[in-house]
Amino acid sequence: MAYPGYGGGFGNFSIQVPGMQMGQPVPETGPAILLDGYSGPAYSDTYSSAGDSVYTYFSAVAGQDGEVDAEELQRCLTQSGINGTYSPFSLETCRIMIAMLDRDHTGKMGFNAFKELWAALNAWKENFMTVDQDGSGTVEHHELRQAIGLMGYRLSPQTLTTIVKRYSKNGRIFFDDYVACCVKLRALTDFFRKRDHLQQGSANFIYDDFLQGTMAI
């Protein structure tokens with residue numbers, strides 16, 4: 001297997017949307033979209049904002065500017081119960097969630113970005129539950145390898161070991177840390193992908209560009 005590899009969209013697993021049960025596939029809306037030459041299905045927004053529960057959660061904490069900062073996002077996600085039986089997301093995880101989708105560099109998140117995050121979180125949660133076969137509420141090294149593979153990424157054993165050491169506690173990765181890993185993996189891959197003009201797994205960029213792209217996550 002060649003390294004490195006790139007995942008597409010949120011991975012090859014179903015995305016939960018309001019009105020659908022966890023695990024129910026999203027109806028097909030057309031062929032898979034190739035993202036800048038990288039394989040994998042692209043995410044598409046499959047529901048409207050008007051009157052749905054996602055908007056209710058968001059608007060309950062959003063400021064007058066219609067956006068949320070990290071503390072407001074943390075409160076919103078906790079109140080929504082999206083984490084299920086797992087511990088609520090930490091403030092640091094909420095910060096990098098915002099950074100992942102902060103395309104206008106405001107340090108906040110509007111509703112469209114929140115919908116995108118909501119879909120990603122449900123997909124990552126389903127993926128976590130799929131690989132947590134013993135129901136321990138954590139994933140181990142081999143389960144994380146499976147989860148990352150399901151998302152379409154092809155990582156070297158050395159990189160996977162580095163990720164496990166970074167996000168695990170006594171060899172086990174809890175849901176909040178797992179989501180933080182997914183956020184960073186997606187954000188850094190997107191950052192690199194935009195600069196890999198030939199789509200060959202290599203890119204050149206200046207030091208300041210590198211710092212701007214990585215220090216925000």
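Glycine is treated like the rest: Cβ placed from N, Cα and C.
Record features, source Swiss-Prot:
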- ASP65, ASP69, GLU71: Ca(2+) 1 binding site (BINDING)
- ASP132, ASP134, SER136, THR138, GLU143: Ca(2+) 2 binding site (BINDING)
- 48-83: domain 'EF-hand 1' (DOMAIN)
- 89-122: domain 'EF-hand 2' (DOMAIN)
- 119-154: domain 'EF-hand 3' (DOMAIN)
- 155-180: domain 'EF-hand 4' (DOMAIN)
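Note: the domain 'EF-hand 3' (119-154) comprises 23 helix, 2 strand, 11 coil (DSSP; helix = H, G, I, strand = E, B). The number of other Cβ atoms within 10 Å of the Cβ belonging to GLU143 (Ca(2+) 2 binding site), over all protein chains shown, comes to 20. For ASP65 (Ca(2+) 1 binding site), the nearest neighbour among the binding-site residues ASP132, ASP134, SER136, THR138, GLU143, judged by Cα separation, is THR138. With DSSP classes pooled into helix, strand and coil, the tally for the domain 'EF-hand 4' (155-180) is 17 helix, 4 strand, 5 coil. Of the listed binding-site residues, namely SER136, THR138, the sparsest Cβ surroundings within 10 Å are found at SER136. The residues of the domain 'EF-hand 1' (48-83), classed with DSSP into helix (H, G, I), strand (E, B) and coil, number 18 helix, 1 strand, 17 coil.
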